[in-house]
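Peer 1: Copying in the features that Swiss-Prot gives for the protein in this structure:
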- Cys93-Cys125: disulfide bond (DISULFID)
- 37-137: domain 'Phytocyanin' (DOMAIN)
- Asn79: N-linked glycosylation site (CARBOHYD)
- Asn94: N-linked glycosylation site (CARBOHYD)
- Ser156: GPI-anchor amidated serine (LIPID)
- 136-155: region 'Disordered' (REGION)
- 1-21: signal peptide (SIGNAL)
Amino acid sequence: MARRDQLVSFLCFFLIVSAVAGGLCVSATVLPMRVGKQYVVGGRSGWRTPPPASVDLYAKWAAGIRFYVADSIEFVYKNDSVVKVDKFGYYHCNATAAAANDGSVLFLLDAPGFAYFSSADADHCKKGQRLMINVDSAPSPSPSPSPAPQEAATASAATSSSAATAAHALLLAAMAMMGLILGEW
């Protein structure tokens, strides 16, 4: 009898694990994760002191891009440096953090809001070698053409039907196994 109790306990555990796994499978099909994009600051020119007539070089570069959490920016440079700074450090070219100066550094944009970067060389920063970007929380889903009402209902039913089928298959397999094992006792 003790062995049967152990077996029933194991099967209950198996059913719980199966239900959780089925739920994860369903949520994975419904909630896709976002993979961020990677941008090279300054494009092909990279991170360098802008020419005197282009002190807004990096502001113009960033204006054409919408940054989101999970994106990353790479600074590629020669004989220079880059440091992440706060708002004060950006506007006053005052870098107090350790600077990267190995030719390339990648920063993950992991929080919404403004992010500030500058050359650790205050003179370069004052000449425009600094970057301020606004990072958005998440991209909004792109609008897609609305299907005809019948097509929309069919597509929605097919998506929820396939997710439900996977969860039910796991549950039925667990119940069948339990029935086979208990039938032997």
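Each Cβ is built from the backbone N, Cα and C atoms, and glycine gets one as well.
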Peer 1: Tell me, roughly as an integer, the mean pLDDT over the domain 'Phytocyanin' (37-137).
Peer 2: 94
Peer 1: Look at each of the glycosylation sites, Asn79, Asn94, and point out the one with the fewest other Cβ atoms around it within 10 Å.
Peer 2: Asn79
Peer 1: Can you tell me how far the Cα of Cys93 (disulfide bond) sits from the Cα of Asn79 (N-linked glycosylation site), in Å?
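Peer 2: Asn79 (N-linked glycosylation site) has its Cα 18 Å from the Cα of Cys93 (disulfide bond).
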Peer 1: Of the residues in the domain 'Phytocyanin' (37-137), how many are helix, strand and coil by DSSP?
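Peer 2: Counting residues by DSSP class gives 24 helix, 33 strand, 44 coil.
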Peer 1: Of all the disulfide-bonded residues here, Cys93, Cys125, which one's CB has the most other CB atoms within 10 A?
Peer 2: Cys125
Peer 1: State the Cα to Cα distance, in Å, between Asn94 (N-linked glycosylation site) and Cys125 (disulfide bond), rounded to an integer.
Peer 2: 9
Peer 1: Could you tell me the C-alpha distance between Asn79 (N-linked glycosylation site) and Cys125 (disulfide bond) in angstrom, no decimals?
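Peer 2: Counting only the Cα atoms, the answer is 14 Å.
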